[in-house]
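K.L.:
Got a structure for you, written out below as structure tokens; questions coming shortly.
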Amino acid sequence: MENILDLWNKALQKIETKLSKPSFETWMKSTKAHSLQGDTLTITAPNEFARDWLESRYLHLIADTIYELTGEELSIKFIIPQNQDEVEAMPKSPIKKMSKEDPVDIPQNMLNPKYTFDTFVIGSGNRFAHAASLAVAEAPAKAYNPLFIYGGVGLGKTHLMHAIGHYVIDHNPSAKVVYLSSEKFTNEFINSIRDNKAVDFRNRYRNVDVLLIDDIQFLAGKEQTQEEFFHTFNTLHEESKQIVISSDRPPKEIPTLEDRLRSRFEWGLITDITPPDLETRIAILRKKAKAEGLDIPNEVMLYIANQIDSNIRELEGALIRVVAYSSLINKDINADLAAEALKDIIPSSKPRVITIKDIQRIVGQQFNIRLEDFKAKKRTKSVAYPRQIAMYLSREMTDSSLPKIGEEFGGRDHTTVIHAHEKISKLMVEDEQLQQHVKEIKEQLK
């Protein structure tokens with residue numbers, strides 16, 4: 001038999017033609033041939049999650065592909081190289097296909113055609129959520145049910161939910177897939193009660209193969225809607241139908257959510273999405289530019305990625321804003337133009353660090369005393385009072401320690417600084433003129 005590495009590379013090339021691009025890149029691309037002993041081929045998987053999925057879904061595909069290449073029937077074993085946690089791959093029973101009875105037409109605008117696995121940019125903050133979503137899409141109700149995805153606004157939760165819906169329909173056109181927000185679920189439920197159409201409402205959402213419900217946190221506090229969703233959840237789960245839920249927080253942190261619903265959300269897999277790192281943000285911008293047919297210099301994408309670090313929607317929106325601005329003023333896109341285009345949504349610079357000397361300078365101007373007076377031993381009220389105000393502000397507006405503040409005021413003891421802070425704090429409660437002085441000084445410092 002040929003070299004094991006060459007054999008596995010050929011096998012991967014064949015397998016790639018038999019799988020969708022997202023499936024191949026998520027599950028197969030990171031595998032490696034480990035060893036061939038007797039009639040057992042050992043393959044490494046990057047982690048336990050991938051290993052379990054490979055053995056449950058791709059065992060026969062791999063074995064058949066190896067047979068096509070070699071004419072030999074080999075047993076397949078998967079291991080995790082980090083800890084050599086070997087698991088003998090066992091044949092699994094065929095996965096039952098979803099019901100094709102009573103097909104329901106899915107509204108064309110229900111799933112965004114741009115939100116697919118192919119257009120999703122994978123990074124460290126969403127890799128697990130992406131893999132779990134793909135697993136659910138490939139085997140609805142067999143992998144994780146429910147799948148609960150949570151994370152901040154604009155990080156890709158809705159994208160993954162739509163991608164699951166597209167994948168299921170692409171591979172089973174008669175599948176009944178419904179996507180909606182919890183707000184829409186609530187409104188339709190209320191309308192069904194008002195119009196005496198509760199039965200129709202229940203039939204619509206309890207006779208689907210995949211239910212994708214977004215922003216479940218909005219059910220908090222809505223007791224009747226929670227009751228209805230509880231029974232909808234139970235019906236679908238008992239009939240082995242897939243449920244995918246998204247939220248801006250994990251189930252345990254959703255206020256006024258009934259315990260019985262919370263516990264059901266925790267039956268399956270809970271995965272989060274975190275803000276993308278710099279490399280992922282740049283990759284997102286590149287993919288967006290390519291999709292829109294835009295030629296954007298690398299320096300511009302790096303600039304935008306450095307300025308917007310938490311929200312993918314804002315990131316993509318910033319790119320479009322730069323392109324639009326370039327078109328309006330008829331100038332080439334570069335980093336300077338990007339900075340000009342985004343000046344209203346990106347601070348021109350980080351807030352400046354306020355120093356004790358800055359405070360002394362502004363207080364001195366307000367009370368007409370010299371900088372050296374702050375360090376002098378003078379105890380006249382005309383000097384001591386502004387000095388105490390400056391000490392108060394140094395404590396409030398800088399990160400300097402008490403000894404450091406005392407040092408900047410002529411080597412005074414830290415207890416003097418504490419006394420000054422307490423005195424000015426008390427005086428400000430009673431003295432409106434002092435309040436105004438301090439307010440003006442703070443404004444000038446900022």
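Note: Cβ is positioned from N, Cα and C throughout, glycine not excepted.
Got these off Swiss-Prot a minute ago, pasting:
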BINDING   Gly154, Gly156, Lys157, Thr158  ATP binding site
REGION    1-72  region 'Domain I, interacts with DnaA modulators'
REGION    72-109  region 'Domain II'
REGION    110-326  region 'Domain III, AAA+ region'
REGION    327-446  region 'Domain IV, binds dsDNA'
K.L.:
Out of Gly154, Gly156, which of the binding-site residues is least crowded by other Cβ atoms within 10 Å?
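P.N.:
Taking Gly154, Gly156 as the binding-site residues, the minimal 10 Å Cβ count falls on Gly154.
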K.L.:
Enumerate the residues of the same chain, Gly154, Gly156, Lys157, Thr158 excluded, that satisfy the criterion Cβ within 8 A of the mean position of the Cβ atoms of the recorded ATP site; list them in sequence order.
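P.N.:
Result: Gly151, Val153, Leu155, His159, Leu160, Ser246, Ile273, Ile312, Arg313.
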K.L.:
Counting across all protein chains present, how many other Cβ atoms fall within 10 Å of the Cβ of Lys157 (ATP binding site)?
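P.N.:
Excluding its own Cβ, the number within 10 Å is 25.
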K.L.:
Which chain-mates of Thr158 (ATP binding site) that are at least 6 residues away have a CB under 8 A from its CB, listed by sequence?
P.N.:
Tyr115, Asp214, Ser246
K.L.:
DSSP says what for the region 'Domain IV, binds dsDNA' (327-446): how many helix, strand, coil residues?
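P.N.:
Helix, strand, coil within the region 'Domain IV, binds dsDNA' (327-446): 81 helix, 0 strand, 39 coil.
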K.L.:
Name the secondary structure element type, per DSSP in three states, that contains Gly154 (ATP binding site).
P.N.:
coil
K.L.:
Tally the residues of the region 'Domain I, interacts with DnaA modulators' (1-72) by DSSP class, grouping H, G and I as helix, E and B as strand, and everything else as coil.
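P.N.:
Output for the region 'Domain I, interacts with DnaA modulators' (1-72) reads 45 helix, 11 strand, 16 coil.
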